[in-house]
Amino acid sequence: MEGYHVTVFAYGQTASGKTYTMAKDQPGVIPQAVDDVFDHIRRASENQEFLLRVSYMEIYNEQIKDLLNPETVDLKILEDRRRGVYVSPLKEEIVTSPRSVMKVIQRGESNRHVGTTDFNEYSSRSHTIFQMIIESRERGATPEPLAGQSRRVSSAKPGAVAVRFSQLNLIDLAGSEKATTDLERRKEGAYINKSLLTLGNVISKLTDLKTGPAHIPYRDSKLTRILQSSLSGNAKISVICTVSPVINNLEESHNTLKFAARVKNIRTRAEMNQIMDDKALLQKYRQEIQELRGKLTEMNDFFEKEKLQELTQLKQEKLKWEEEMAENQLVRCAQQFYVDFLIGRL
Ligand SMILES: Nc1ncnc2c1ncn2[C@@H]1O[C@H](COP(=O)(O)OP(=O)(O)OP(=O)(O)O)[C@@H](O)[C@H]1O
Ligand SMILES: [Mg+2]
């Protein structure tokens with residue numbers, strides 16, 4: 001809410017509870033995060049205004065799919081200085097309440113790839129990324145930034161007001177797994193394991209203090225490429241590791257704990273993101289509203305004038321009509337008088 005990017009992901013072997021932890025149902029991380037965001041907005045709305053957008057995508061067999069617009073094909077991973085790494089074209093929906101967010105998630109969930117494996121009846125066969133993009137600005141703010149905090153400010157226009165921009169990524173990873181019996185599931189499993197292996201490699205390289213700066217293979221999988229901005233520093237990260245209590249899964253649980261120990265060593269330097277130009281949607285919408293208000297006032301003035309003209313014209317017509325009526329009356333009186341005169345003469 002303060003303009004920092006945040007990423008939360010659940011990691012662990014299949015059927016260990018990642019989806020359960022992140023899930024849309026209470027007490028999942030997603031509904032709790034959504035409630036927290038709206039609670040904050042309710043408390044801060046006297047002094048700040050907010051614009052919230054959400055998107056929901058999955059990475060299935062190394063293909064990115066927009067869960068809110070499944071017809072879209074050829075989604076690409078792009079990068080720019082303001083947004084970092086992002087996916088485009090991705091449908092973003094404006095949301096105004098926790099209920100509207102949950103409705104959007106529900107719609108996305110129905111398009112998600114889930115299948116039955118030897119280990120989990122409803123196994124996530126894809127990595128899903130639910131994003132909330134939050135823009136906020138002070139009501140009646142002055143252009144001065146707050147003192148003493150690090151921030152990213154994009155090209156400022158004179159007199160522009162800062163808009164804080166943050167992105168919350170809530171990620172449910174597909175589970176690492178041993179080979180399963182079903183062929184289709186094995187193919188999916190190979191992709192899942194490859195991207196999780198790349199995630200492990202990226203984290204090893206990032207946290208390997210001995211080798212110093214090294215090439216980080218973010219581009220080896222879609223998952224690590226999308227997470228690049230978060231993993232490389234400009235985000236706060238929370239990683240939830242899930243393990244199975246079953247003794248047969250000891251090796252997998254050990255690996256998950258090793259992953260957790262490594263991931264703890266990532267050092268982040270999240271910076272506050274502020275936008276000073278009209279790239280902020282909030283700013284754009286504000287301007288649009290102001291323009292529309294201006295147009296409405298102009299139209300009202302125009303209609304007022306028209307109404308006044310019409311009224312004057314009507315008054316004039318009424319006057320003319322009254323004059324005509326009076327004249328007709330006079331003519332009728334005169335005619336009556338003449339008829340009476342003629343009758344008198346007879
Ligand atoms: N803490 C928990 N309490 C109760 N049930 C749980 C808990 N964690 C997981 N489960 C149950 O265990 C099963 C497997 O969990 P889940 O689907 O979340 O695993 P997963 O890690 O997402 O697996 P996959 O990688 O295959 O998607 C589900 O039926 C879920 O409801
Ligand atoms: Mg799952």
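Heads up, the Cβ atoms here are built off N, Cα and C, so glycines get one too.
Keep in mind it's a predicted model, so treat the numbers as computed, not measured.
Residues annotated as domain 'Kinesin motor' in TrEMBL: 1-266.
Taken from TrEMBL, the feature ATP binding site applies to Gly12, Gln13, Thr14, Ala15, Ser16, Gly17, Lys18, Thr19. Secondary structure at Ala15 (ATP binding site), taken from DSSP and collapsed to helix, strand or coil, is coil.
What TrEMBL lists as coiled coil is 275-331.
Candidate binding-site residues: Gln13, Thr14, Ser16. Those with a Cβ under 6 Å from ligand 1, in sequence order, are Thr14, Ser16. Between the binding-site residues Gly12, Gly17, Gly12 has the most other Cβ atoms inside 10 Å of its own Cβ, all protein chains included.
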